[in-house]
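S.K.: Residues annotated as ATP binding site in TrEMBL: 32, 33, 34, 35, 36, 37, 38, 39. The coiled coil annotation in TrEMBL covers 166-200, 268-344, 387-442, 471-498, 735-818, 903-930. Taken from TrEMBL, the feature domain 'SMC hinge' applies to 521-637.
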C-alpha cells in the first residue's frame, strides 16, 4: 500500500487548495520557519482521526480552519483528503481508497471513505493493525519524541500493540467486554423482574379465583335485578291506568266551574261599563264647572291688572316730562363743543404743512452725501487690491524662505538622527553580544526545568489513579446502599398497606375496624394495634395471645353493643370486645422464680402499652409466663404441678393441666405484633441509608474533584513540559537568529557612518539658498507697507463720509417722527369733532322719541278704562252658570253610587265561583303530577332495562325468573351479602394473572438466552486473550532484538533493552526502555540530551518498521536535535528502510535533504497564506 496524494483546502494556513503527490521512497517537505510546512503533518494526522486539538497545535477545533489575513477573508470550512493505492492491506474492495475529513466553523464534522459518508470509528477500524494511525509511530514530530519517552510504561505499550497487530483484537475484546457487562446487567435485571413476577403471581391467582366467584354471583344478581325491574314496570303501568280515569272526571268538574266563573264575570263587566259611563259624565261636568270657574278668576285678575295699569301710566307721564328737559340741555352743550374743535383742526393743518417743507430739504442733502460715499468706496477698493497683491508677494517670499529654513532644520535633524541612530546601532551591537551569552545560560536552565516538569507529571498521574480508584469504590458503595434504600422503601409501603388494610385480621374484626359508623369513635383498636412487644419475644407473645390479638378494645359497653348490632345487621361474623369500663385486671400470681433456670418473666410485664390499656394487657397475659426453652418450661410446669400457663421464645405453649402445643409455623410475611416495629426499624434503616447516600455522594464528588484536580495538574504539567520543550527549541532558534542579527548589525553601523558624511555636504548648499531668499523677503516687505498706508487713508475718508450720512439720517428720522406726532394730533381732533356731532344727533332723536311715548301712553290709558267696564259685566254672567253646573254634578254622583253597590255584590259572587274553579284545577293538577311521575318512572325503568340489559320491558318480562317479588327481593339481598363478603374485587384480575403468567414465561426464556450469550462471550474473550498474548509475546521478543541492534548502529555502541514490567500480565503490563550510551552508565531517559532522546526514538521507530514495515511514515523535524554526523546516519537509515516504507520527512537539515527522492517547498507569498512549490534537487546546493 502507498500514500499517493494529499489534497487540502482551508486547513490552517492553506487558504487555497493544495495538492501534493507522494512517490515511492523519501519525500521531503522544506521551508523557512513559520511557512506552514508542519501543517502538512497536522493535516495527515487530522484526517487519520486525531481528536485532540492540542496535538494539532491549537486550542479549539475552529483553529484548524483558515482564520483570514490582511488581504484574505476567513473561510468557513477545512477539508483534507488522503489518497491510498490499496494492495489489499486495507480491508476494502477498492484499488484506490480516499479518506476525507471535513470541519465547518459551526463545529459540525464529516468523514468520508471513497466519498461515502461514514463515522470516525469506521476510519479507526479501516487502519487498525496496519501500522497507520493518528496516535501510532507512523507520524512522529519533535514534540512526539518527548511524549514517547516521557509517557508511562502502560501508555507506551500502545505503540507495541499497534506494531504487533493486536489493536484490532484489543478493540474487539473491549467491545466484547462491554457486551458481557451489558449482558450481566441485563441478566440481573431479568432475574429481578422474574422474582418480582413470582411474588405477584400467588396473590394474583387468589384474586383471579375471587373474581371468578364474583362474576358468577354478579351474573345471578343481574338476572334477579332484571326480574325485579320487569315486575316493578308491570305494577306501575297498572297504577297509571287507574290514575287516567280519575284525571278525566276531575277535568269535567273543572270545565263546569269555569262556565259559572264566566257568567258572573259577564254581569260584573256590564256593571263596570255603566259605572264607567257615570264617571265619564261626572268628569265632563266637572270640567265644565272648572272652565267657568277659571273664567271667573281670569276676569277678576284682568280687572285688577287694568286698575294697576292706570296708576303706572300716571307715574310714567311725569318721568317723560323730566327727561325732555335733560335732553334739551345736552343738545345746547354739544353745539358749543363743536365750534371749539373746528378752530383747533384748522391750526393743526398749518403746522403739518410747515413740517413737510423742512423734511424735503434734509432728504435732498442726504442724497448728495450718498453719491460721494459711492465714489470713495471705489477709491478704497482699489487701494485694498494693491495691498493684497503686495501681501501675497510677501507671503510667497516668506514661504520660500521657510522651506529653505525647514530644509536646514531637517538636515540638521537628520544629521542628529543619523548620529543618534549610529549610537543606537553601536549600543544594539553591544546588547546582542551580551544577549548571546545570556541565551546560553537560559538554555541550560530550561533543560533543568524540563526535568522538574517530568517529575510533576508523574506525581499528578499517580494522584489521578488513586482518586479514580476511590471514586469507583464510592460508586460501588453508593449503588449497593441505593439498592438497600429502594428495598426498604418498597417494604415499608407493602407493610403500611397491610397495616392499613388489616391484612391477616378476620372478616368481623376488619368490618369493625374499617367501619365508618358513629360508634366507631368509641373503638380504641385491636389488641395487636395497642401493644408494643420486643422483637425477641414476638413469637412467644403471638402464641400466648393467639386469637386475642384480634379482640377489639372499646371505651365502654355501649360501643361494644353498637358494634355487635352492626355485625349482626351486616352478617359479618363475630368478634370479642374488651370494654375498658368493664374489664378488671388480674395481677400475676405471687410466685418466686429467681432460682428457676430460663425464666424470662410474666408476659404482661414484657409488653409496652399506654397506661389506659394496661389492664387489658394484664387481663390477657398476667397469668402467662415466658421462658427461654421448652426443657426449662417443662421443668417449671412440673415443679408447680402443671398449674401455670407457660410459653417459650420459640412458641411452644404449656397449658395448665399438662397439655402442650408446638411444632413448625407457616411462614408469614409479617405478623400482627412485629408489623409496626418492623416498619419503624425499616424507617430507621431507610434514614440511615439516605444519610449514607448523602455522605457517599459527597465523598464521590470529592473524589471526582480530586481526580479532576489531579487531571488538571497532569494537564498543566504536560502543558508546562510541552511549553518548556517549545521554549528550549525557541531559545536555540533565537541563538541562531541572534548570530545572524549580529552580522546584520555590524553592516548597519557601517552604512550609518557613510550616510552621515553625505548629509554634511548637502547642508552647506542649503545655507547659500537661505541668504538669497532673505533679501527677496525684505524688498517685498517694503512694497507691502506702502500699499497698506494708501489703503488706510482711503478708509479714513470713507469713514468720515459715512459718519456724516449717519448723522443726517438720524436728523431726518427725528423730523419724520415730529411730523407723525402732528398728524396724529390732527386725527384725534377730527375724531372728537365727529363724536360730539353724533352726541348732538342722538340727543335730538331722544327728544322726538320722548314726545311719541307721551302720545302712546295717553291712548293706552283711555283703552284700559273702557275694557274695565266690559269685564265687570261678563263676570256677573259666569257666576250664574257655575251655580247651575254644580247642581248637575251632584245628581250624576248619586246615580254612580247606586251602580257601585250592585258591582260589589257581583265581586262576591265571582270570588266564590273562582274558589270552586281553583279547587277543581288543583285536583286536576295533583292527578296530572301523579300521571307525570308514573310516566317518568315507567320511562326510567324502561331506560334502565334497555341500558343495562338491552331489552324492551315486554322482552324483559318474558326473560324474567318465575319468582314472586318477595322471593326475588330475598335472593337479591342474599347475593348482595355474598358479594360483600368477597370484599374488593379486581375485575381485571383474570386478565392480569394470565398476562403476568405469559410475562413470566417470556422472561424465563430471556434469562436462558442471556445466560447462553454470557457463556459465549466469556469463551470469545478467553480465546482473544490467548491469541493476543501469543502474538504480543512473539512481536515483543523480535522488536527487542531489532531495537538492540539498531540502537548500537545509531550510537556506535552502547546497549538498549525493552522490558515488560509484569511478565505474568502480558496483556496489560507496561513497557520500559532501558538504554546505556557508549562510554557511560545506564541513564534515565529524562537525563538524555535532545539528540540522544531523538536517536533513541528513531531506533525504536526503525525497529518497529523492521518487524512490520508500515506503508508510510511521516517524520516532522525529528532530525532537528541531531548533529551533522547523526543526521548522516539518520539519512542512511532512511535510504535503507525506504525499500519497504514510504517516508514523508519535514526537515531543514541538509544531510537529510541529500537522502530524499522528491522535495516540496512551502513558502508564504501573502501574509498568513502558505503555498506549495516543487523544488528541483539540482537547486539544493
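Including glycine, each Cβ sits where the backbone N, Cα and C put it.
For the listed features, I'd like the structural context: burial, neighbours, distances.
M.R.: According to DSSP, residue 34 (ATP binding site) is assigned to coil rather than to any helix or strand. Take the CB of residue 34 (ATP binding site) and look out to 10 A: across all protein chains shown you find 12 other CB atoms.
Outside the coiled coil (166-200), and at least 6 residues removed from its termini, the chain residues within Cβ reach (under 8 Å) are 124-125, 128-129, 133, 996, 999-1000, 1003-1004, 1006-1007, 1010-1011, 1013-1014, 1017-1018, 1020-1021, 1024-1025, 1027-1028, 1031-1032, 1035.
Per-residue pLDDT, averaged over the coiled coil (268-344), rounds to 78.
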S.K.: Please list the DSSP helix, strand and coil residue counts for the domain 'SMC hinge' (521-637).
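M.R.: The counts are 59 helix, 22 strand, 36 coil.
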S.K.: Counting every protein chain present, what is the number of Cβ atoms, excluding its own, within 10 Å of the Cβ of residue 36 (ATP binding site)?
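M.R.: I get 23 for this one.
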S.K.: Hey, which bits of the same chain come close to the coiled coil (471-498), Cβ under 8 Å, at least six residues off its ends?
M.R.: 504, 669-670, 675, 678-679, 682-683, 685-686, 689-690, 692-693, 696-697, 699-700, 703-704, 707
S.K.: List nothing but the one residue from 33, 35, 38, 39 whose Cβ has the fewest other Cβ atoms within 10 Å; the candidates are the binding-site residues.
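M.R.: Comparing Cβ neighbour counts within 10 Å for the binding-site residues 33, 35, 38, 39 gives 33.
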S.K.: Between the binding-site residues 32, 37, where is the Cβ count within 10 Å the lowest?
M.R.: 32
S.K.: In the three-state scheme derived from DSSP, which category covers residue 39 (ATP binding site)?
M.R.: helix
S.K.: Inside 8 A of the center formed by the CB atoms of 32, 33, 34, 35, 36, 37, 38, 39, which other residues of the chain have their CB, for the recorded ATP site?
M.R.: 13, 31, 1162, 1164, 1170
